[in-house]
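Okay, structure first, notes after.
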There are 2 protein chains.
Amino acid sequence: MPPFDVPFDLPEGDPFGPHNLPYGVFSPSGSADRTVGVRLGDHVLDAGAAAAALGSPYVSLLARPSLGPLLAAGRTAWSDVRRALTAWVTVPAHQEAIAGLFHPLSSVDLHLPFEVADYVDFYASENHARNVGQIFRPDAADSLTPNWKHLPIGYHGRSGTVVVSGTDVVRPSGQRKAVSDAAPVFGPSVRLDIEAEVGFVVGVPSELGRPVGLGDFREHVFGLCLLNDWSARDIQAWEYVPLGPFLGKSFATSVSAWITPLDALEEARVAPPERTHELLPYLDDSASDVERGGYDLRISVAINGHVVSEPPFSTMYWTAAQQLAHMTVNGASLRTGDLYGSGTVSGPSAAERGSLLELTWNGRDALELPDGKRTFLEDGDVVTLSAWAPGPDGVRVGLGDVVGRVVSGDV
Amino acid sequence: MPPFDVPFDLPEGDPFGPHNLPYGVFSPSGSADRTVGVRLGDHVLDAGAAAAALGSPYVSLLARPSLGPLLAAGRTAWSDVRRALTAWVTVPAHQEAIAGLFHPLSSVDLHLPFEVADYVDFYASENHARNVGQIFRPDAADSLTPNWKHLPIGYHGRSGTVVVSGTDVVRPSGQRKAVSDAAPVFGPSVRLDIEAEVGFVVGVPSELGRPVGLGDFREHVFGLCLLNDWSARDIQAWEYVPLGPFLGKSFATSVSAWITPLDALEEARVAPPERTHELLPYLDDSASDVERGGYDLRISVAINGHVVSEPPFSTMYWTAAQQLAHMTVNGASLRTGDLYGSGTVSGPSAAERGSLLELTWNGRDALELPDGKRTFLEDGDVVTLSAWAPGPDGVRVGLGDVVGRVVSGDV
């Protein structure tokens, strides 16, 4: 990596160094204007202004209020723009032109970086699916449903309630009915949970009626981010038969303000777990060109600053490439801005579970936090997802945090 | 109704007379430009051009390539624009200015009239839900799931594959597994079905965290249209446990090119069926201001021109107002362009069922059509949904047809 030459302190090995360069959308302090920014350390570079200052043709992709145009531009443009940005922040000759275009993160507002088209959520962690099966169907012969090892189970969520990290989450109200209740009751959820996930962002659309193959994953998917799929377990339990989760999920889904391009995660690519069942050809990733379809992302889940879990993304049974192939195998088209979540990330050990449902075994085993016991979330709780991945030369690639505070609905 | 004064033949009592005036988006012959049109008989009025010709301020809402701005403008604007349009097509003094702005429907291309934000599909016909329950759970004590009478069951669908009437529907491929199969097999769906529904179009957004009450239905919902929720029953059956329908539905959802404003359907408002279970307050429509929350829409389903069913929308157990209240009671926000489907409309009699699943009792009883027997759809089949509602002075209000032809995926 060339020597840095940015006008602020950037420690060597910073997880947001020039090897990372995630994209977001920000407003400078005191401005309502939104524009694309690139994170470097604890600063954000006004990428469109930098492009203009340096006479770059990428001003048309970067001096925009959304990542949409960049997402739609496709893989060649993604690589070219990334190469240009890397040069801008590392080649000394550029310093004078862009030195004034960095803003401290503390001085900017970060926005949802793109308009979410369709939002799909998967269920791709075998550990998570087995935990859920054991909790809700303890007498079943197999904790997985019969289809689980044959296809990546997923469903559509509400794209209009995807919110950027930092947005408060209002505790949802709804119907719930315990087995012992004669009729459903209404009120604020008493079993509000999180799901630690990774979200994948589609850039290049596809044509209706034309499936996207496993090998085309990187042509369509621009990058990824952390995602918290907030879940009201009591609402979900009463509503979800037979058509799946609805109001138990649709009140909020939080994503990071920073989208990490896949190009920043080359060193994090790993083989997925060994497949225990033969897969149909459209999902078969045993061929060499897609063999490293997993990503080694080390996630951390904290409540009020106290880490309660460290889910390892490398353990996911189904990869993002398989999910994309499955999502389109029926001919469903992709749009720029489609977002799909991996499903809750849970590792094999108890300290690697990505939901309170699993961490407390459906409320049976409370967590002991410095500020008291928790089964599910209390008003005022702040949940933070963070993650890093192995990068070049042993440096970490940081993912943008996802932070959300639970607030009462009685406002 | 004042005398018509339009420059073409418009029979008295035409279901698309000046009492109707549904909105769409069209391109005139030979043009790629899209603009808002209003249907009158078998013609479409270039509404933006008419507004400009008459010096109307509504040119800003009508000379647009999408209904979006009009949808977002709100109920007062909806009523004002409708009043203006009614005058333009009925007051003789306007004839000279707008006579040249009507296009025969046969000469224009009709487009999806708005960008679909979130798409939700409900399951609100008791007859349909009981038929499905009896088909798939013949031994169950109750053909309805325990939650059915307490909340309008729904789920999110794929908004990116909502297509306008006239779009071919490619037969989807996917996994299916009969009970007798050892493993799932892959191929084109062999049980492709329709679902005759009504879609409701949200105009005015709502704030995240703030439920929309039953009484605010007409402030948010602009109008309705017919909707065909194409369904691959074999794909759906294998995938849907535990998270609901996904690829069995997401390949296509067809909607009419014409959105009928609620204001055109005042005479069609009817009381919904008697509620057999006490409802929680947010769903309780027994109060007088919402007592006529149903709509009397007479739907017709035809395959290759042969009518196979006439589902009556007035029989729906859950109303669109209840669906809106439920969809937002957890604080989920609405956006301009949200679309929600009623769920399959099925009446109590066998000739009123809105899906082939029910009409053929899951393939057991083939339909006898002039061109042969049908259990599920064959390639080349053209499905047409049409409907009318009672209007003023005994005149019918026509809804725009939804037409779709099934084509092979092997293209």
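Note that Cβ sites are derived from N, Cα and C of the backbone, with glycine treated the same way.
Curation plays no part in TrEMBL annotations; they are all automatic predictions.
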Taking B:ASP229, B:ASP284, B:ASP285 as the options, which does TrEMBL list with B:LYS249, B:THR253 at the Mg(2+) site?
B:ASP229
Listed in TrEMBL for the Ca(2+) site shared with B:GLU195, B:GLU197, B:ASP229, one of B:ASP118, B:ASP121, B:ASP139, B:ASP296:
B:ASP121
Going by C-alpha positions, which of the binding-site residues (B:GLU195, B:GLU197, B:ASP229, B:LYS249) is nearest B:GLN236 (substrate binding site)?
B:LYS249
In sequence order, what residues of the same chain, 6+ apart, have a Cβ less than 8 Å from the Cβ of B:ASP121 (Ca(2+) binding site)?
B:GLY154, B:TYR155, B:HIS156, B:GLY157, B:GLU197, B:ASP229, B:LYS249, B:THR253, B:TYR340, B:GLY341, B:GLY343
Given the recorded Mg(2+) site (B:ASP229, B:LYS249, B:THR253), which additional residues of the same chain have their Cβ within 8 Å of the Cβ centre, ordered by sequence?
B:ASP121, B:GLY157, B:ARG158, B:GLU195, B:LEU227, B:ASN228, B:TRP230, B:SER231, B:SER250, B:ALA252, B:GLY341
Among B:TYR123, B:GLU195, B:TYR240 (the binding-site residues), residues with Cβ under 8 Å to chain A, listed in sequence order:
B:TYR123, B:TYR240
CB within-chain contacts under 8 A for B:TYR240 (substrate binding site), separation at least 6:
B:PHE246, B:GLY248
Can you tell me how far the Cα of B:GLU195 (Ca(2+) binding site) sits from the Cα of B:THR344 (substrate binding site), in Å?
5
Here are the recorded positions: B:HIS128, B:ARG137, B:LYS249. Which has the lowest count of other Cβ atoms within 10 Å?
B:ARG137
The domain 'Fumarylacetoacetase N-terminal' (B:19-113) - residue tally per DSSP class, helix then strand then coil:
46 helix, 21 strand, 28 coil
